[in-house]
């Protein structure tokens with residue numbers, strides 16, 4: 001029942017619309033819009049919970065209480081902060097480049113929402129199952145570099161510009177290890193379709209076949225999405241808030257929401273590419289596939305939070321050296337070893 005709940009609801013709705021003699025195009029568009037609304041609801045609710053969970057986890061690591069005033073155990077603190085940001089005035093400084101300045105917050109939030117449209121959340125639960133899903137993810141995430149540069153440059157602030165320059169250097173440096181780690185998974189699965197990659201892990205998860213690729217991807221994605229120890233783009237002790245320094249009110253809230261949405265996307269991609277996606281471990285199929293997906297996602301999120309609250313921020317030169325002098329060569333070596341291993345495997349099978 002739980003396994004087919006959402007899929008059954010979608011099929012039932014499609015059957016009902018067709019019985020009402022709706023044009024097939026109208027039916028498809030309506031169901032796609034419904035899927036987008038569902039993705040947005042999932043995104044907002046998880047982002048609200050993630051902010052609270054991150055604060056509570058950090059408090060536990062540092063032996064303090066964390067949010068504890070608004071609601072039982074502070075569970076409504078994130079809601080209160082959201083209302084506060086909604087109520088704040090959106091102040092636009094005089095010397096900003098107005099249109100790029102206003103467009104950047106909208107685009108920075110749109111990018112992760114677009115990524116959610118190709119994620120296989122469960123068996124048969126993919127809003128849009130692209131044949132080139134991996135390529136789509138790489139292409140869309142690359143746009144974030146341009147958006148952060150827009151925000152920093154248009155703000156006409158030295159701290160914002162410095163943060164934007166750091167973001168470009170950081171994201172370009174760690175883009176190659178991310179792509180190469182994803183390529184090793186594509187080689188194993190023989191497909192760029194995310195649902196095919198999940199299906200290829202039905203017997204063995206790729207974390208066991210690609211342990212080096214997993215570590216590379218885990219580290220590089222953390223750097224791509226600017227989480228500690230790679231949070232140099234908005235290092236509070238150095239450049240205030242980086243590209244977000246001149247933003248206030250709802251504009252700042254969009255940047256903040258995009259940060260946690262990207263955080264969620266990183267955990268989702270680790271789950272999809274290396275932890276079997278919605279596949280159940282130990283044959284425990286009595287738990288719905290979408291619930292397994294969420295459990296794995298939050299396990300990876302907890303690992304990322306652990307690194308955030310236990311590691312120190314590194315310097316920009318250390319971060320770039322680590323990407324170009326260590327991660328990239330190891331990523332290339334992993335690709336060659338994967339290719340050679342697949343060649344030997346096929347030779348033995350012959």
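Yeah, the Cβs are placed from backbone N, Cα and C, and that goes for glycine too.
The feature transmembrane segment, as given by Swiss-Prot for the ranges 171-191, 234-254, sits at 171-191. Taking every listed stretch (31-51, 102-122, 132-152, 171-191, 205-225) in turn, the largest tally of C-beta pairs under 8 A with the transmembrane segment (286-306) is reached by 102-122. Counting only same-chain residues 6+ beyond the ends of the transmembrane segment (132-152), those with a CB under 8 A from a CB of the stretch are 100-101, 103-105, 107-108, 111, 114-115, 118, 160-165, 167-168, 171-172, 175, 178-179, 182, 185-186, 192-195, 197, 224, 233, 242-244, 247, 255, 262, 269.
At the 8 Å Cβ cutoff, the transmembrane segment (171-191) and the transmembrane segment (322-342) share at least 3 close pairs (sequence separation 6 or more) and count as touching.
Among the stretches 31-51, 102-122, 205-225, 322-342, the one making the largest number of Cβ pairs under 8 Å with the transmembrane segment (263-283) is 205-225. Remote same-chain residues near the transmembrane segment (205-225) are listed as 141, 170-171, 173-175, 177-178, 180-182, 184-185, 188-189, 197, 259, 262-263, 265-266, 269-270, 273-276, 279, 303-304, 307, 319, 323, 327, 330-331, 334, 338 (criterion: CB distance under 8 Å, separation of at least six residues from the stretch ends).
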